[in-house]
Amino acid sequence: MSPLAAPLAGPLAGPLAGPLAANAETLGFFGRDPWWLVLLKAVFCFAFLVGTVLIAIVWERKVVAWMQLRIGPNRHGPWGLLQSLADGVKLALKEDLVVKGADKAVYVLAPIVAAIPAFMAFAVIPFGPAGNEVSIFGTRTPLQLTDLPIALLYILATASVGIYGIVLAGWSSGSTYPLLGGIRSSAQMISYEIAMGLSFAAVFIYSGSMSTSEIVASQQPTWFAVLLPVSFIVYVIAMVGETNRAPFDLPEAEGELVGGFNTEYSSLKFAMFMLAEYVNMVTVSAVASTLFLGGWRAPWPISTFWEGANHGWWPMLWIVLKIQLLLFFFIWLRGTLPRLRYDQFMKLGWKVLIPVSLVWLVMVATVRALRNEGYDFANVVLYVGAPLGAVLLVALVVDLVRKKPAPAPEPAPAFDPMAGGYPVPPLPGQELPPVPRRRRRTPQLQDALNGADPSEGS
């Protein structure tokens, strides 16, 4: 038994002793690596994120070009695979401009604050089982940098810190458009973090743990995307809004805010913001894979006939493939959906996702309580409640996007262009009074005109 699990045997001998002891036993695999192995894992996580970002940028440009019947980048490297590397070198060689009215200290600090939390959240993503499954230079170690009893809270906390970098970038630039973009981005990310946190809460309640390795272990044999479909749908929508990606890229709307919060940035500072955006995409994809898609576990057809698919180095392959699949989902959204209006986007978050998540959370908590009491129909309740929740979500979305008849416009007040004594053009919404028609000639007037002497008018 692990030293962390031993103290739980006595005071927690009740119904919670089993889950807590198992959780402590799992967490006991971490914290025993030598310092050089911890450093090696940290370097690997950093290199994996940067390498995945470089691949994702090229992949995105290629896929979007294919969807738009274009060729895409094809000059740098074979098939244009080095295009993202060339873009990074180009940004590094550009002039680093600083706006005259900017707060220079905060202006320089903002990209760092935005980029570092994006890397930190990846530390608790498991690439393999918590047991000592692999050997690195003769040392048995799990394929995970670390794990925490509150790993889900750690992910939410690091995501919230990244908002400060965006707000500080908009405020310190000393310009109108970055400030508006920063405010809009912070409101968007805070709003959708609530829905994301509620989807996390459903996973935590059903699995009984906030440890990422324990959550993956709880998804045997059925993934939480099947058991908790509403939470999965809400998280997928929230992760797109959290990363400011299309169709939720409102903080970077070119027609409204030029470039958004990073309008006044250039060179490496601009590159750090772009790196933070793509690293966030990789991180939220890894979190979705861990919480809902079985994490490092092999997909269903493979795991049924191949017992070794979830052992050794193979689990790393499965989670990387799931991350790439979700990155393709980001790219597909960008190439197919138009940008939403800001009011539609906020209405979706506050009037649809959050209420649906709250109702679903109550249902999951009820099922969890029944399961703790020994009832066997917990899964039946979930299978019945999941379609009901999905139907409710679809109904709310359809009601949100359905075109409602516009109210009849009120008649505009009469406009007199000569009311002030001189002619004035009408304002928008005002109409000139109709020109009076020519007076119709009466028979008497027509006879008088016909009998008049033509010389009288000369």
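Cβ coordinates are placed from backbone N, Cα and C, and glycine is handled just like the others.
If you look up TrEMBL, you'll see 423-435 marked as compositional bias 'Pro residues'. The region 'Disordered' annotation in TrEMBL covers 409-458. The transmembrane segment annotation in TrEMBL covers 34-59, 106-128, 148-169, 190-209, 221-240, 278-296, 316-336, 348-368, 380-401.
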Whether the transmembrane segment (34-59) meets the transmembrane segment (316-336): three or more C-beta pairs under 8 angstroms: yes
Contact set, same chain, for the transmembrane segment (348-368): CB under 8 Å, 6 or more residues outside the stretch: 188, 191-192, 194-195, 198-199, 201-202, 205-206, 208, 228, 230-231, 234, 237-238, 241, 340, 378, 381-382, 385, 389, 392-393, 396-397, 400
Intrachain residues whose Cβ lies under 8 Å of the transmembrane segment (148-169), provided they are six or more past its termini: 23, 27, 106-107, 109-115, 117-118, 120-121, 124, 178, 182-183, 185-186, 189-190, 193, 196-197, 200, 203-204, 209-212, 242, 251, 261-262, 265, 273, 276, 280, 287
Secondary structure composition of the compositional bias 'Pro residues' (423-435) [DSSP: H/G/I, E/B, coil]: 0 helix, 0 strand, 13 coil
